[in-house]
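Feature annotation from TrEMBL assigns [2Fe-2S] cluster binding site to B:C90, B:C95, B:C131, B:C135.
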Amino acid sequence: MGKKILLEHINVPGIETYDVYRKQGGYTAVEKAIKTMSPEGVVEEVKKAGVRGRGGAGFPMGMKWSFLAKPEGVPRYLVCNADESEPGTFKDHYLMKNIPHLLIEGMIVSSYALGANKSFIYVRGELMYVIRILEKAIAEAKAAGFLGKNILGSGYDLELIVHPGGGAYICGEETALLESLEGKRGNPRNKPPFPAVKGLYQCPTVVNNVESIATAAWIINNGGDAYAAIGIGRSSGTKLISASGHIKKPGVYEIELGVPVEEFLYSDEWCGGIRDGHHLKALVAGGSSVPILPANLITKLANGEPRLMTYESLSDGGFQTGTMLGSGGFIVFDETACVVRNTWNFSRFYHHESCGQCSPCREGTGWMEKVLHRIEHGHGSMHDIDLLVDVAKKIEGNTICPLGDAAAWPVASAIRHFRDEFEWHITHPAEATQPGAVFKGEMALV
Amino acid sequence: MTETQNTVEFTPERLKIAQEMIDRYPAERQKSALLPLLHLAQEQWGWLSPEVMDYVGRMLDIQAIEVYEVATFYTMFHLDPVGKHVIEYCRTGPCCLMGGEEIYDYLKQKLGIQAGETTADQKFTLKEVECLAACGMGPVFQIREQYYMNLTRDKVDEIIAELSR
């Protein structure tokens, strides 16, 4: 059993209510922070914890906090990014729905640290039922004196506002999210200026993921050093992994960073292995945006050592033989899955979700979808494979936000590791377009 | 035109909620309430007609174009009339791995409509959506605030029968 920080009390009946959450030690971090610590002291603990952004980028949260500009007389804002939309990722949905007070408590502690008096939780609009759960939790916390004016007699005021999105993946990008929160289209902003200087309403703003903010309560209760002692090196603490696809036990799991990928995949404590009668073909470890890896590369590094669930180990080998931890969206493919079809599916997603501002992304995602569609449907040519590589290369790094990269990587990695499967679709169109047809040749050429 | 506009108004309960939504944001930043109000409007009218969008714009003291450009950007808003139940079906990878495409074909066949269409009895509209953040429970579709997960043919039969009553 690994250490549980976020989901320790998840199975306690009634944990979604204030009373039960409080009985399990809830809101002690707010009491400790507000009564005994300075805002700078809270920032210091979070820095020591070394917790990295859990939305996918992995940027250290404490460092992000320390960049926040503090001009006199200008409000500062904390915005929680709960726009969870990365395919394969459903951990924030799970956390907010089941243990909403953990996020509320984290928001209070974090807002106090940053000196924010009005903080926002931007939740994807599809999760309207979760928004209602959060609003109920906020009302309970307010009634208990943990929100509102003069919290615990400290003179500190805080109001929490839950804001619905409208169904746009791009709003998970922090500046698009801020635009959206201002009532506009979700077009990412050019940077600099960064949100820490000019964010929401052109005021200094910190945007953090749900899971990141939820760690704040434990860090304050137990100290940053205790958090940093969990995990391995710069991958400190625990991580929520959303496991889906062809496994026996899909779901959300909290792991100590550093668990071997093989153990996470096959142990009964977590995924429970590939469904009966099948075997692992490929895996996307960190949400649809990160490179797909074939079976032989996901469990072992290129030098044969076991690959671990850490930021460093998953990216070991760069994009030639590695991938990324990303959002922890762990999508498992057995031998019945067609890599070409899945790549086309993901491409369609990115084309649909591109905001259209930057031409490499707007046009490139469309072309990748079109070319992949024709390969999958038996009309591809060998030239198309190189064309895809070329288009992906021309999108990558040439857009103002990372959606372009996120669209390019799945395509480039699928071709890098499964080129023979693409070629088979082109050389055997009649066979490849049969329902359920999957390439049976030598798999996973590195 | 004037007559149509006069008939577009939130119910008294929703009007109160709308005002609370607007008041949540800082002074002069009432435009932030646009997405919340559009959701509230869609809850009342089922879809967003130009008259409804104009009404929301007047409430927020912003130009109509500012409402249109937002309503057309976000995929959750229906800009045409829809049936009583809008089925929003996830078509993204992880759901497809769990047989999402097969169940989708079955659903389309059962309702006799394609994506974007409404059944003749105006009961169901089918929309394709991207990832709903429920990948471990795929295949998934959503109707208003309700998620329907781990879909099978039998489950689809049950849900449609229940909602057809």
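Glycine is no exception: its Cβ is also placed from the backbone N, Cα and C atoms.
Small disclaimer: the values here were computed from a predicted structure and weren't measured.
Filtering the binding-site residues B:C90, B:C95, B:C131 for a Cβ under 8 angstroms from any Cβ of chain A leaves B:C131, in order along the sequence. In the three-state DSSP scheme, B:C131 ([2Fe-2S] cluster binding site) falls into the coil class.
Cβ contacts within 10 Å of B:C90 ([2Fe-2S] cluster binding site), excluding its own Cβ and spanning all protein chains shown: 28. Counting every protein chain shown, 31 other Cβ atoms lie within 10 Å of the Cβ of B:C135 ([2Fe-2S] cluster binding site).
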